[in-house]
Amino acid sequence: MTSLPSSVIKWRFFRRQMPSDVVFSLCLLCFASCLAGKITVLADSDKSVLLRFKKTVSDPGSILASWVEESEDYCSWFGVSCDSSSRVMALNISGSGSSEISRNRFTCGDIGKFPLYGFGVRRDCTGNHGALAGNLPSVIMSLTGLRVLSLPFNSFSGEIPVGIWGMEKLEVLDLEGNLMTGSLPDQFTGLRNLRVMNLGFNRVSGEIPNSLQNLTKLEILNLGGNKLNGTVPGFVGRFRVLHLPLNWLQGSLPKDIGDSCGKLEHLDLSGNFLTGRIPESLGKCAGLRSLLLYMNTLEETIPLEFGSLQKLEVLDVSRNTLSGPLPVELGNCSSLSVLVLSNLYNVYEDINSVRGEADLPPGADLTSMTEDFNFYQGGIPEEITRLPKLKILWVPRATLEGRFPGDWGSCQNLEMVNLGQNFFKGEIPVGLSKCKNLRLLDLSSNRLTGELLKEISVPCMSVFDVGGNSLSGVIPDFLNNTTSHCPPVVYFDRFSIESYSDPSSVYLSFFTEKAQVGTSLIDLGSDGGPAVFHNFADNNFTGTLKSIPLAQERLGKRVSYIFSAGGNRLYGQFPGNLFDNCDELKAVYVNVSFNKLSGRIPQGLNNMCTSLKILDASVNQIFGPIPTSLGDLASLVALNLSWNQLQGQIPGSLGKKMAALTYLSIANNNLTGQIPQSFGQLHSLDVLDLSSNHLSGGIPHDFVNLKNLTVLLLNNNNLSGPIPSGFATFAVFNVSSNNLSGPVPSTNGLTKCSTVSGNPYLRPCHVFSLTTPSSDSRDSTGDSITQDYASSPVENAPSQSPGKGGFNSLEIASIASASAIVSVLIALVILFFYTRKWHPKSKIMATTKREVTMFMDIGVPITFDNVVRATGNFNASNLIGNGGFGATYKAEISQDVVVAIKRLSIGRFQGVQQFHAEIKTLGRLRHPNLVTLIGYHASETEMFLVYNYLPGGNLEKFIQERSTRDWRVLHKIALDIARALAYLHDQCVPRVLHRDVKPSNILLDDDCNAYLSDFGLARLLGTSETHATTGVAGTFGYVAPEYAMTCRVSDKADVYSYGVVLLELLSDKKALDPSFVSYGNGFNIVQWACMLLRQGRAKEFFTAGLWDAGPHDDLVEVLHLAVVCTVDSLSTRPTMKQVVRRLKQLQPPSC
């Protein structure tokens, strides 16, 4: 056989038929070999990308210490996760945001400052250390297999690299809490698989782009805490979770926001500048679980359509400008557990520390952003109180009225109810006593009557507050009626992570903390730990006090306890049994002031309650000596035993062990002897009030070592010797009406002469004027609001020639008179040019905008033209008043329709825009004893307010003419004004300080009903709430002494002014009556009242005929009340709520 060529043999071999499985295996092997090679190359590339990333960023905390070239297993590096092919699929590096080089103002720990932020996206901050910084490296885009990019709470800055928007496989983009700037792109080239985008708390600006709706798989979007502006787009309802809080979003919400919201579960639009109505279409979002719209300026009513939200668990619409009745349909939200319709606590109170004023949009006002409030009509439908899953019902200070809800269903889940500071009437229903899981019940400052139910689980409640009502009967012995087990005391730890799958737990802890530290007695924040607060104050409770209503489970060294029952009619012996179990608590605060308690302070109080921090038993009838054992209460911070009948000497033990004592007042008692030298050891003391006793001896020289002392009141005693020199500057200082001698030392040149008057042996008080009178420091009558101060005998002594004496009294008087005339002339010249420069011309300029904004309908239209016409172009013939803010004119708009027009002095105001913002708040205020603000006009050349017209004139005229001596009429006037001020102070958000309470600002109708006018106008002048930056801060004679010393005003300054008005109403004297001249310089009606009371001559104070006609005891009680309102110590002055309560207790019977 002939052999074949070798080449042919080879071909034939390869041409032989091979089995198909062998062919497939060979092909697969070849493909795998090629793929493995490629994967190896890609994996090596991922490692190099990570190393380049590390090289690019700043890492002062060595977070990336494990990322080293020598390590082959880069998939085990910190923050790196890989798939089965060793491709990097996740980069998850959470920083603390608190490294030393970090410029980031929002750290992971700062989440605790915004407890309601981030449902569905909240994270645990524990275990995070350090922070990466620098620009976000664009090399990260080379990780083409990356599905999760999570770098929250670092300090990355600059714009987000453009390439990130094109990463096709990325599912999670989390850059929360960095410093990223720039805006979101108009178009996204990738991100088709993105499910989560979290850019919260960066500095991203611009508008929300429509291109976001192209990311069809996006479910969770968090853009909160940025600088996004523009409006909320309609497509945002397509996401499952949407967070846009704390941005610059403005305008109305789109009406169609709920048209495509089938997946929406969480929607947070809080802390923006949204206006207009809440869209009804949100009622179509059937899967919605939480809806947070708080802290905007949304208007009108809550949509009825919300009743369709069967899965809704949390609804918070607080701090808006909503109105109207609460919809009954909310009772259909069967899953609702948290309902917040108003809220006095600012959830974003720490916004300044994170964002600052500079981060607000142009023209925005942070104050107005946090001061809006809702004012509803009617009451709470019982369909809401019967909701089966309701845990929190929070509607304080929302102008709700009517009968208190009686049907609370089974209330098995109910834990918090806050309906305080409304206008509910009636009794506390039996149904509430069945709510055994209640841990907070606040019904304070309503108009509730009847007796307290002993079945209410008060001993188990962390907060129980019924203060400021008209409840009567005894305070029950709740302990004998508590059978159920108490839930644990909740304390909010702002740095811990809560279960954010249950938003109600966040609200529970947040409100618990706020309610505890927001008590009127003390801020417990410095002590920390849980607290229990039980408030029965300012009611009509009688009887004796039992043991503190605190369950056994509540006792423990971690718990602080506050008990307040002041302002009632409690009687009996000093309640020593109240301090049982006191030593089983961390700290105890007790207020039983303004009652009728008698007897002695128990000698063993120090052994009963070593944890006592505050004891206020002022304004009672306690007698006997002060126990020496009180000095052993080393934890005591404040002790107030003023206005009692204590006798004997002040024990020296009070100053030896009480190192923590900051406040001590034992004024207005019958104490004798000397001031203990041991008081010089009270180095923490801030306030010392020993006034109006019978103390003798000298002022201890060691007082000059009390560097923290700001208030020293020793007036109205029998002290002798010199006034020690070397005192620190006092906010309040008074040693008048003693027997002191020697020179008057200057306390940094600011000792008022009136504070040392009534000491016949003191050298004459040399006077200088603290301020030069100007147009801004004059009241409506032209009285200059200046004060006389003692000058230093050295610094202010006139130069004397050798051998010559000083100026004689006649020369001094002549110089003083000449100086006064010159000052007045200068003031008149300044006033002339000021008015020439700023005040509008008498005729209305043609360019004035003619819009009049109305807050209510009075049946006839009020226009700019008919106001000008009705006032005769503001003619003097229609002038009915002239004050510091402008002139007031009577205007008959049409037949039987008369209004009062207050034409404002434009030169005083900061601008029309601010005026519009401020007047909006005043226009909402409604109270039976406030002059009603009907409308206003404001332009660059003209401003006026429209008020209801009151034909009875003002109280100043009433007192001068002494129109009546009927005690019932006088009492009603006093009560009317007290109610108006209490409303401004305690039921307005923000609270309104009047700053100029005086008879001419109190108007009367024909039936002698009283109305307070000019409220809120001081704020319109552009002054802050606590600092008076212009002269409009009161009228001389009515100004509180602390304002003269510190230029600070508060609600207690209004209380002082009210007390002066009340004294005028009771007497026939003015605040600075000419008849007081004989008593010396600076003597006023307050000092006159104190003098007569101290001398037992109260009868002489009252106007002729009033004493004979009125009940003597009640008249003296009201006189005492007026004097307490005018004491120098702010903490001793009552609140206006307490004044109202006391006047109601002294109300004379009607005919």
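Residue 1 is the first one shown; counting continues down the chain.
Keep in mind that glycine also has a Cβ here, set from the backbone N, Cα and C atoms.
If you look up Swiss-Prot, you'll see Ile880, Gly881, Asn882, Gly883, Gly884, Phe885, Gly886, Ala887, Thr888, Lys902 marked as ATP binding site, on the strength of sequence analysis. Within its own chain, Ile880 (ATP binding site) has Thr888, Tyr889, Lys890, Ala900 as residues 6 or more apart in sequence whose C-beta sits under 8 angstroms from its own.
If you look up Swiss-Prot, you'll see Asn92 (among others) marked as N-linked glycosylation site, on the strength of sequence analysis. Proximity of Asn92 (N-linked glycosylation site) to non-local residues of its own chain (separation of 6 or more, Cβ distance below 8 Å) is seen for Gly79, Ser81, Val148, Ser150, given in sequence order.
The N-linked glycosylation site feature in Swiss-Prot is assigned to Asn214 (among others); the stated evidence is sequence analysis. Its own atom aside, the Cβ of Asn214 (N-linked glycosylation site) has 13 Cβ atoms within 10 angstroms in the protein chains shown.
According to DSSP, Asn332 (N-linked glycosylation site) is assigned to a helical segment. Residues annotated as N-linked glycosylation site in Swiss-Prot, with sequence analysis given as evidence: Asn332 (among others).
Residues annotated as N-linked glycosylation site in Swiss-Prot, with sequence analysis given as evidence: Asn481 (among others).
Marked as N-linked glycosylation site by Swiss-Prot on the basis of sequence analysis: Asn540 (among others). Within its own chain, Asn540 (N-linked glycosylation site) has Ser470, Leu471, Ser472, Asn568, Arg569, Gln1145 as residues 6 or more apart in sequence whose C-beta sits under 8 angstroms from its own.
Feature annotation from Swiss-Prot assigns N-linked glycosylation site to Asn591 (among others). Counting Cβ atoms from all protein chains shown, Asn591 (N-linked glycosylation site) has 23 others lying within 10 Å of its own Cβ.
Residues or ranges marked as N-linked glycosylation site in Swiss-Prot (evidence: sequence analysis): Asn640 (among others). Within the same chain, residues at least six positions away from Asn640 (N-linked glycosylation site) with a Cβ under 8 Å of its Cβ are Ser593, Leu615, Asp616, Ala617, Ser618, Tyr663, Leu664, Ser665, Ser1131, Thr1132.
Look at Asn670 (N-linked glycosylation site): DSSP puts it in a strand. Within the same chain, residues at least six positions away from Asn670 (N-linked glycosylation site) with a Cβ under 8 Å of its Cβ are Gln645, Leu646, Gln647, Asn693, His694. The N-linked glycosylation site feature in Swiss-Prot is assigned to Asn670 (among others); the stated evidence is sequence analysis.
What Swiss-Prot records for Asn708 (among others) is N-linked glycosylation site, and it gives sequence analysis as the kind of evidence. If you take the C-beta of Asn708 (N-linked glycosylation site) and look for same-chain residues 6 or more apart in sequence within under 8 angstroms, you find Thr662, His683, Ser684, Leu685, Asp686.
The Cβ of Asn718 (N-linked glycosylation site) lies under 8 Å from the Cβ of His694, Leu695, Ser696, Asn738, Asn739, each of these being in the same chain and 6 or more residues away along the sequence. Annotated N-linked glycosylation site per Swiss-Prot: Asn718 (among others), in sequence order.
Feature annotation from Swiss-Prot assigns N-linked glycosylation site to Asn734 (among others). Cβ neighbours of Asn734 (N-linked glycosylation site) (same chain, under 8 Å, six or more residues apart in sequence): Ser691, Leu712, Leu713, Leu714, Asn715, Thr755, Pro1041, Asp1128.
Mapped onto three states, the DSSP output places Asn739 (N-linked glycosylation site) in strand. What Swiss-Prot lists as N-linked glycosylation site is Asn739 (among others), and the listing cites sequence analysis.
What Swiss-Prot records for Thr863 (among others) is phosphothreonine, and it gives similarity to another entry as the kind of evidence. Long-range Cβ proximity for Thr863 (phosphothreonine), meaning a same-chain Cβ under 8 A and a gap of 6 or more residues, is found for Arg850, Val852.
The phosphothreonine annotation in Swiss-Prot covers Thr871 (among others). Under DSSP, Thr871 (phosphothreonine) is assigned to coil, being neither helix nor strand in the three-state scheme. Less than 8 angstroms from the CB of Thr871 (phosphothreonine) sit Asn878, Tyr889, Lys890, Ala891, Ile901, each of them six or more residues away in the same chain.
Annotation comment: Swiss-Prot describes Thr1046 (among others) as phosphothreonine, evidence class similarity to another entry.
Using a Cβ-Cβ cut-off under 8 Å and counting only residues 6 or more beyond its ends in the same chain, the repeat 'LRR 12' (436-459) has close neighbours at 396, 404, 411-428, 430, 465-482, 484, 486-487, 490, 511-512, 515, 534-535, 549-551, 554, 986-987, 1137.
In this structure the C-alpha atoms belonging to Asn332 (N-linked glycosylation site) and Asn214 (N-linked glycosylation site) are separated by 35 Å. DSSP assigns Thr863 (phosphothreonine) to coil in the three-state reduction, placing it in neither a helix nor a strand. Averaged across the topological domain 'Cytoplasmic' (833-1151), pLDDT for the predicted model comes to 80. Beyond the repeat 'LRR 17' (610-633), the same-chain residues lying 6 or more positions past its ends with a Cβ under 8 Å from any Cβ of the stretch are 521-522, 560, 566, 574, 579, 582-583, 585-604, 639-658, 665-666, 671, 1124, 1132. Ranking the recorded positions Asn591, Asn882, Gly886 by the distance of their Cα atoms from the Cα of Asn214 (N-linked glycosylation site) places Gly886 first. Broken down with DSSP, the repeat 'LRR 14' (542-565) shows 3 helix, 10 strand, 11 coil. Of the listed recorded positions, namely Asn332, Asn882, the sparsest CB environment within 10 A is found at Asn882. Sequence-remote contacts of a segment are chain residues at least 6 beyond its ends whose Cβ falls under 8 Å from one of its Cβ atoms, and for the repeat 'LRR 15' (567-581) they are 467, 475, 536-548, 550, 555, 588, 590, 592-602, 605, 608-609, 612, 617, 622, 1134, 1138, 1141-1142, 1145. In this structure, Asn739 is the one among the recorded positions Asn739, Gly886, Thr888 with the smallest number of other Cβ atoms inside 10 Å of its Cβ.
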